[in-house]
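Colleague: Quick one: this structure, given as structure tokens, is what I'll be asking you about.
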Amino acid sequence: MGFFHLFLLSLFTLLSFSSSVSVGGEEGAKFCPKNSCQLVLNFYKESCPQAEEIIRTQVKLLYKQHKNTAFSWLRNIFHDCAVQSCDASLLLDSTRRSVSEKEMDRSFGMRNFKYIETIKEAVERECPGVVSCADILVLSARDAIVEIGGPFIPLKTGRRDGRKSRAPLLEQYLPDHNESILSVLDKFSAIGIDTPGVVALLGSHSVGRTHCTKLVHRLYPEVDPNFNPDHVPHMLKKCPDPVPNPKAVQYVRNDRGTPMKLDNNYYRNILDDKGLLQVDHDLAHDRRTRPIVKQMAKNQNYFFREFARALQILSENNPLTGDKGEIRKRCNVANKRRV
Ligand code: HEM
Ligand SMILES: *[C@@H]1O[C@H](CO)[C@@H](O)[C@H](O)[C@H]1NC(C)=O
């Protein structure tokens, strides 16, 4: 080998070495935040070519039977990915050693977890042990968004499943229903989502429901004067008890106008002081977010564009890749350790 070839070879080694360093290391953080470069579109193209189709079919079937499964898949992506990593830790049941994220107050009202297993079982029948629950969680959200009238948002795959509940961290990472907008913006900005992105993601509250337990503090002992008075009788009718039985299924639909559609009606509602949660109300009144709320109320395409961008970032938050984590056999339990 001549000198020149050797020179080229070492140059090449140097380049590939430095680029591989920048993938995982601190240095590359701005190019490849927290492992996200390991994710690709259609990761299972060779290992399980039917995976995405199977998931889409199941999401559609389940949606036909229970429309609210779509709301659950959308909420899942927030509750899993915003807590340190999109690793399906959310889906793990409690064990003797740890409490499930699903049991925590931040997860109040989350539902349909058994149907994630239905999707996983359908995928396992075709490709056992190949497709992670973390990817199923993300792809089911992507497909659910389409079912409820939202945009198709290409989302990458290649995540692996975590082995541990992150329940002790939930309060630190997931904002509460009455948290200040400043603190909400801080929490999202820590995972790379900017203010328009946050405003767009909260547009998810255009579908689904809010239980009375999360509302009564705005109704009793006095009705919050910030509520639109036209909206109050409906809420009082749905939530007649100042201290609702937490087990009772008493709730109000988030968007009375188009409760089953992901659309920008949410923004018109909150500008109209019909937002149910304190954060929904505040989003329309905080000086940082109000101008964006107004734009999204007028322009559904702008809402969808920002929503897609933010959901992509959320879905790529610090995944487990390579030899980290595992591919769970069932989504609600970590695999038994081989000895
Ligand atoms: C500041 C951030 C957020 C807070 C404090 C918050 C809080 C809540 C609360 C308290 C509920 C009502 C649960 C119940 O009573 O059943 C809810 C419902 C919901 N949230 Fe959020 N949320 C936030 C952001 C998000 C994001 C980013 C998404 C999605 C990307 C999302 C999706 C949903 C959906 C779809 C529902 C309806 C669920 C159903 O009907 O089953 N939320 N949220
Ligand atoms: C928020 O609501 C919870 C009850 O859900 C309450 O315990 C807490 O004190 C409230 N926080 C603020 C800042 O009002």
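Cβ atoms are placed via backbone N, Cα and C, with glycine included.
Curation does not apply to TrEMBL; its annotations are automatic.
Predicted, not measured: the structure shown is a model, and the values here were computed from it.
This is the feature table in TrEMBL:
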ACT_SITE  His79  active site, proton acceptor
BINDING   Asp80, Val83, Asp87, Ser89, Glu101  Ca(2+) 1 binding site
BINDING   Pro175  substrate binding site
BINDING   His205  heme b binding site
BINDING   Asp255, Thr258, Asp263  Ca(2+) 2 binding site
DISULFID  Cys48-Cys127  disulfide bond
DISULFID  Cys81-Cys86  disulfide bond
DISULFID  Cys133-Cys331  disulfide bond
DISULFID  Cys212-Cys239  disulfide bond
DOMAIN    38-335  domain 'Plant heme peroxidase family profile'
SIGNAL    1-20  signal peptide
SITE      Arg75  site 'Transition state stabilizer'
Colleague: Would you list the other residues of this chain near Ca(2+) 1 - those whose C-beta lies within 8 angstroms of the C-beta centroid of Asp80, Val83, Asp87, Ser89, Glu101 - in sequence order?
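Modeller: Going along the sequence, the neighbours come out as His79, Cys81, Gln84, Ser85, Cys86, Ala88, Leu90, Leu91, Gly162, Ser165, Arg166.
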Colleague: Summarise the model's confidence over the domain 'Plant heme peroxidase family profile' (38-335) as a mean pLDDT value.
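Modeller: Taking every residue in the domain 'Plant heme peroxidase family profile' (38-335) and averaging pLDDT yields 97.
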Colleague: In angstrom units, rounded to an integer, how far apart are the Cα atoms of Asp87 (Ca(2+) 1 binding site) and Cys81 (disulfide bond)?
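Modeller: Counting only the Cα atoms, the answer is 7 Å.
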Colleague: List the same-chain residues at least 6 positions away in sequence whose Cβ sits under 8 Å from the Cβ of Val83 (Ca(2+) 1 binding site), in sequence order, or say none.
Modeller: Ser89, Leu90, Glu101, Arg166, Leu169, Leu170, Tyr173, Leu174
Colleague: Out of Asp80, Cys81, Cys133, Cys239, Cys331, point to the one nearest Thr258 (Ca(2+) 2 binding site) in space (Cα versus Cα); all of them are recorded positions in the record.
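Modeller: Of all the candidates listed, Cys239 is nearest in space.
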Colleague: Spatially, which candidate from the recorded positions Cys48, Pro175, Asp255 is nearest to Asp80 (Ca(2+) 1 binding site), comparing Cα atoms?
Modeller: Pro175
Colleague: Identify which of the following recorded positions, namely His79, Cys86, Ser89, Glu101, Cys127, Cys331, place a Cβ less than 6 Å away from any atom of ligand 1, and list them by sequence position.
Modeller: none
Colleague: Around the Ca(2+) 2 site formed by Asp255, Thr258, Asp263, which additional residues qualify by having Cβ within 8 Å of the site's Cβ center?
Modeller: Ser206, Val207, Gly257, Pro259, Met260, Lys261, Leu262, Asn264, Asn265, Tyr266
Colleague: Which of Ser89, Thr258 (the binding-site residues) has the most other Cβ atoms within 10 Å?
Modeller: Ser89
Colleague: From the Cα of the residue listed as 'active site, proton acceptor' across to the Cα of Cys331 (disulfide bond), what is the distance in angstrom?
Modeller: 15
